[in-house]
Structure formats: structure tokens, C-alpha cells
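Undergrad: Encoded as C-alpha cells, here's the structure I'll be asking about.
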Amino acid sequence: MTLPTHLTLLMTLRAWWQQGKSVSWLSLLAGLVLGGGTLLVRGGVNGVPDELPAAVMGLANVTAQGQLLEVNTFMVAMSPVLLSLLCALLATVITPSIVSEDVRGGILETLLTTPLGRARIFRAYLGAAILLTLLCWGLCGTALAVTWALLDGVLPLHLELSTSLLWILAALPLSMTFWSTSVMVCASLLYPASLDASAGVNGGPARLLALGPAILLLPAVVTASQFLWPLLAGSLLLSGLAATLVLWITAKRFKTTAVLE
């Protein structure tokens with residue numbers, strides 16, 4: 001095991017020791033609320049809407065006593081977008097704390113006095129942030145799946161998910177989480193001031209940029225559902241490429257003084 005890998009694991013374990021419990025509970029709670037919310041909306045709202053996007057509705061099927069529950073079906077079909085937003089939001093909370101805790105505790109300053117070099121330190125922080133956010137993504141998705149399975153067995157309804165929806169549930173939140181993590185790593189290391197709250201917006205422009213794609217995806221899917229697959233494919237491709245570009249720029253411009261000022 002190489003030294004950068006050792007350093008990444010040590011940073012990940014330290015971050016987990018500091019905030020692992022709260023991160024786990026938040027992730028599980030997010031998945032639980034999403035799973036419950038998509039299936040527990042019942043009553044008069046079902047059977048009314050006739051304008052729900054057909055392309056989205058084809059991704060899932062929620063029935064009760066042989067009757068299609070339109071709103072529940074729509075919400076389950078939209079769950080990848082909602083899960084993406086939740087995972088991206090968790091990434092904006094987790095990633096900056098990994099760096100800020102080290103700055104306040106003097107750990108980063110100590111690392112900079114060693115012969116490790118900027119590149120190794122950057123890779124270690126990036127690896128720790130990605131590992132923790134991947135854990136959140138996994139916990140959120142697991143809680144969502146378990147909640148659906150339990151409610152499907154307890155409530156008088158039947159839930160069917162298409163293979164396409166399962167793929168989207170895995171890929172879309174993962175890509176949005178990767179984008180959010182990349183932006184927050186860049187902001188934490190290069191532009192720490194961008195994380196300050198200003199004008200009543202908690203977290204400043206960096207968090208808005210990190211959450212922007214996931215937020216915009218929700219109305220985009222609803223209003224342009226006829227282009228659902230190109231829209232989703234474009235979101236996956238663009239978020240992955242943009243995140244890679246952000247990380248490349250961060251690695252090139254990373255300067256220790258920007259963090260310690």
C-alpha cells in the first residue's frame with residue numbers, strides 16, 4: 001500500500017471518527033423519508049391528475065387492488081432525481097468539514113511541513129471526501145430500497161420498478177454526488193471564502209453551484225419529459241465531465257496558502 005493510500009485511509013478514518021455517526025443517521029433518515037414519502041401519499045390526490053408525463057410514468061408502477069396510483073407511481077419514478085438532490089446536499093455538508101477540521105486542528109499545517117507534496121495531500125483529501133460521500137450514497141440508496149420493500153409488504157399496494165429505473169437510481173445520484181463533492185473540494189482548498197454564508201444563503205455560492213444541477217434537474221425532467229432519456233444521458237455525461245474538469249483545475253491550482261490564510 002502506497003503512502004498516498006495510507007494517508008487517504010487515515011483521513012477517511014479520522015473524518016469517520018469525527019462525523020461518521022451523524023453522517024450515517026442523516027443518510028439513513030434521508031432514504032427513509034424519501035421511501036416513505038413516495039408511497040405514503042394517498043387519498044384524493046390519486047386518480048385525479050391526467051397530465052403526468054407519460055415517459056416518466058413508464059419507469060414504475062404502483063397499484064392498489066388493481067388500480068394504478070398515479071401520484072405514487074410518478075413520485076417513485078422521480079425518486080432518482082430526489083435521491084440525487086439529497087446525496088448532493090449531504091456531500092456539501094461532509095466534504096468541507098474534512099478540510100476545515102484539519103485547518104482548525106492544525107493537521108493540515110503539519111502535513112504541509114512534511115515532504116509529502118501538494119499532489120499527495122490533494123489526492124488524500126479528495127479520496128477521503130469521495131469515500132465518505134460514496135458511503136452516504138450507499139446508505140441513502142439502501143434505506144430507500146429497504147423502506148420500499150417493507151411498505152410493499154405491509155401496505156395493500158404493489159410496487160414494480162423497471163430495469164431502467166434501477167439503473168437510473170444507481171447512476172444519477174452517483175454522478176450528482178461526484179459533481180457536488182468535486183465542487184466542494186475545489187472550494188475548500190482554493191476558495192474557502194466561497195463557503196461563507198452571505199445574504200441569508202447558508203453556505204454561499206459554492207454550495208449553490210454544487211446543488212445547482214440536481215435542483216434544476218427536477219423541473220427539467222417534468223417539463224421536458226418527452227426528451228427524458230437524452231436529458232438523463234446528458235446529465236450523467238456533463239456532470240461527470242464537469243466534475244473531472246473541476247478536479248483537474250483544483251489539482252493544478254492547489255496552493256497551500258489559500259487554505260491557511
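A Cβ is built for glycine as well, from the same backbone N, Cα and C atoms used for every other residue.
The feature transmembrane segment is assigned by TrEMBL to 23-41, 74-94, 124-151, 166-192, 204-222, 228-251.
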Undergrad: Please tell me whether the transmembrane segment (124-151) and the transmembrane segment (23-41) touch - that is, whether there are at least 3 C-beta pairs under 8 Å between them, with each pair 6 or more apart in sequence.
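TA: Yes, these stretches are in contact.
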Undergrad: Can you tell me which of 23-41, 166-192, 204-222, 228-251 gets the most C-beta pairs within less than 8 Å of the transmembrane segment (74-94)?
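TA: Answer is 166-192, with the largest number of Cβ pairs below 8 Å.
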Undergrad: In terms of Cβ proximity under 8 Å, which residues at least six beyond the ends of the transmembrane segment (23-41) contact it?
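TA: Same-chain residues near the transmembrane segment (23-41) but 6 or more away: 16, 62, 71-72, 75-76, 79, 82-83, 86-87, 90, 93-94, 132, 135-136, 139-148, 151-152, 155, 157, 159.
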